Number of protein chains: 2
Amino acid sequence: MTDFAQLQIIKNGHVTSPKGFKAGGTHCGLRRKKVDFGWLYSEVPATVAGVYTQNAFQAAPLHVTKESIAVEDKLQMVVVNSANANACTGEIGMANAYETRKLVAERIGVSEHLVAVASTGVIGVQLPMEKLTKGIEQIDLDQSVTADFEQAILTTDTVTKYVAVEVEIEGKVITLGGACKGSGMIHPNMATMLAYITTDANVEAESLQTALKTATNETFNMITVDGDCSTNDTVLAFANGMNMQTELTTDHPEWHKFQDAFTLISQLLAKKIAKDGEGATKLVEVNVKQAESTDSARKIAKAIIGSNLVKTAIYGADPNWGRVICAVGYSNQPIDPSKVTVYLGDIKVVENGLPADFSEEEGKEYLMSENVSVTVELKMGDGEATAWGCDLTYDYVKINASYRT
Amino acid sequence: MTDFAQLQIIKNGHVTSPKGFKAGGTHCGLRRKKVDFGWLYSEVPATVAGVYTQNAFQAAPLHVTKESIAVEDKLQMVVVNSANANACTGEIGMANAYETRKLVAERIGVSEHLVAVASTGVIGVQLPMEKLTKGIEQIDLDQSVTADFEQAILTTDTVTKYVAVEVEIEGKVITLGGACKGSGMIHPNMATMLAYITTDANVEAESLQTALKTATNETFNMITVDGDCSTNDTVLAFANGMNMQTELTTDHPEWHKFQDAFTLISQLLAKKIAKDGEGATKLVEVNVKQAESTDSARKIAKAIIGSNLVKTAIYGADPNWGRVICAVGYSNQPIDPSKVTVYLGDIKVVENGLPADFSEEEGKEYLMSENVSVTVELKMGDGEATAWGCDLTYDYVKINASYRT
């Protein structure tokens, strides 16, 4: 299990808190006014790991990014545009992604394979390359304004999302930072958003991929807003080694500290996405305990956090635990109904499959909090998992009934 | 494939249109004013088939009903109460379901095993047996008021749902009727609601079960409102043989006519449920064609019809086909993105994975209809499926944020 106690969250830490990272953003005209084109840069080529959406319609920039990384598992730059996903755009879309990469490489004077590209926004519209070119021409590596990058990557998000932590390895303090976007189209089991995690540690490529996969399974893959999975979503991790000589691998005696820091960064970012879910008023955390296995616990947690009926009940502060039980029941996992116990926060509402004696008023009051937790104990084994999501509100419908207008 | 052309839908037909069926309902006090206790009766013991929710928390009445049917595959009576699901009610709940069955059997003078019981409503509250007993005492088989039965079984439904069709077999006209309830907690792959299908044909038990399973897979299991599956849902089919001597089996040369009539009844009821989905303003039909297999087509159709983003786009009359493509992409089925074509009604919006040239205005206007169809062609094989659902609206949130208050 992860142990976050020895980690230090940096107050007002950003994706550029680790040594040698810079970021910026500009308005190139994809949106009316908002900053819409961002870049994240490492002063030296950084070792890179990535996870990508499992959607069969992977957007053009993902292909180009993977191609870049395949060359030597290193990147120095990623550029991101919002407002347009460059997905379902065929050969022209691919050509535009390649062109973007080429122009960026030229602009900053690095090899093309050290550049990754990302897009997020509406599907099926070609990138307006004139505008994008204008954005690329405005990249100035001497003008790092991280807040602009964090703003540029947003779509329907209402806040920028960033975090950084410190961890001591071999007596040396290294830093990890992160930034992400994601508000709709968020669902487990996918690389479900754009997220960028940076560190000034020196991490061997395969080990970095392990850290990312491990963290993603426990964090980004455990959040859901609406059950939909995007064509574009990507998590990239960059380790530039600028603050540490030794190369970290999974065999290193202090590897677990690095993994914990990585998982914490991922969890904090994932929770920010869940809390900023489209129309959300509450962050919901679902804990499943004593499941037959970790996998089973995850599936049950996801069934609960993904239930529209649970989500609307929480929105309405209705302690209607029947909907939680119902989601457990259709998760298709090994359970014994007569052993299931459910808590809303600390309030026991179901004990061994039967209604517990609790005050409806107290339950209602608890569900009015901004942070709500639901805990389910199954007495089937020692599998555990946590999932995060949000309530389903009028505003979710409003945002998505008029996304493009 | 089903051929509905030779079938005659009976104008204003009901679950009691087949010969020898009666139904009624009364107000026993589970709800404030609405009729809340209903009964459906066959003058002679009818051969019965059933499908039940796959939720692990099956409610008490399902156990008792299955026990009744297990004795000789026959029933003469089913009683249904709304407002209370008798689910997660433990041994007391089971005792109450048995007691209900016993009292009903005594009241109408038949063996207990010819009586089935059903409940729908809130989970985790014990049935108030005094009230139920009052309802049972009001059963009067000489006073058949079918509309009261169809009303009594409703929960958040806004309309009663009923239909009847005629089909000629061996030169004789037989009738099939049906009634159902269902509005929330509707999802594919479950016996997803309460539905009762009746016929005055004489059908062998195993063949009736085949007819029910076949129809359910194509109809009740292909509708979704919100992805949640209830603890109580049940479809029962009754064949009392009062209008036909020959026993129908799957080997009968005209069996396909009976199966078609059964499937049509099921489809018409299923569509009524989808259209009356909580908060729905539109009936949405998704057709998937040229999939690798029927199973694959069904999964893709369900992914589309179940997508909150597709549902909100249709609510907002936004021809945002990217969300349809996206759902196809995460359905985890064999597809080739460059072969996917999508229509909204007759308007081609995607051709071979790329945006088609269509008028947004025309698309928007089409999506304002009360009945909306989405068709996806995959060019992978000859698998076909249709799914039904509805849009996701403010009212869905409203209804479910305050269901119990």
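For all residues, glycine too, the Cβ spot is worked out from N, Cα and C.
Unlike curated entries, TrEMBL annotations are predicted automatically.
Database features (TrEMBL):
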BINDING   A:Thr155, A:Lys181, A:Thr192, A:Glu278, A:Asn400, A:Thr405  substrate binding site
ACT_SITE  A:Thr192  active site, nucleophile
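Taking the features listed in TrEMBL, we show where each one sits on the structure.
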| residue | record | Cβ neighbours (10 Å) |
| --- | --- | --- |
| A:Thr155 | substrate binding site | 21 |
| A:Lys181 | substrate binding site | 28 |
| A:Glu278 | substrate binding site | 28 |
| A:Asn400 | substrate binding site | 27 |
Short of 8 angstroms on C-beta distance to chain B, which of the listed binding-site residues (A:Thr155, A:Lys181, A:Glu278, A:Asn400) are there?
A:Asn400
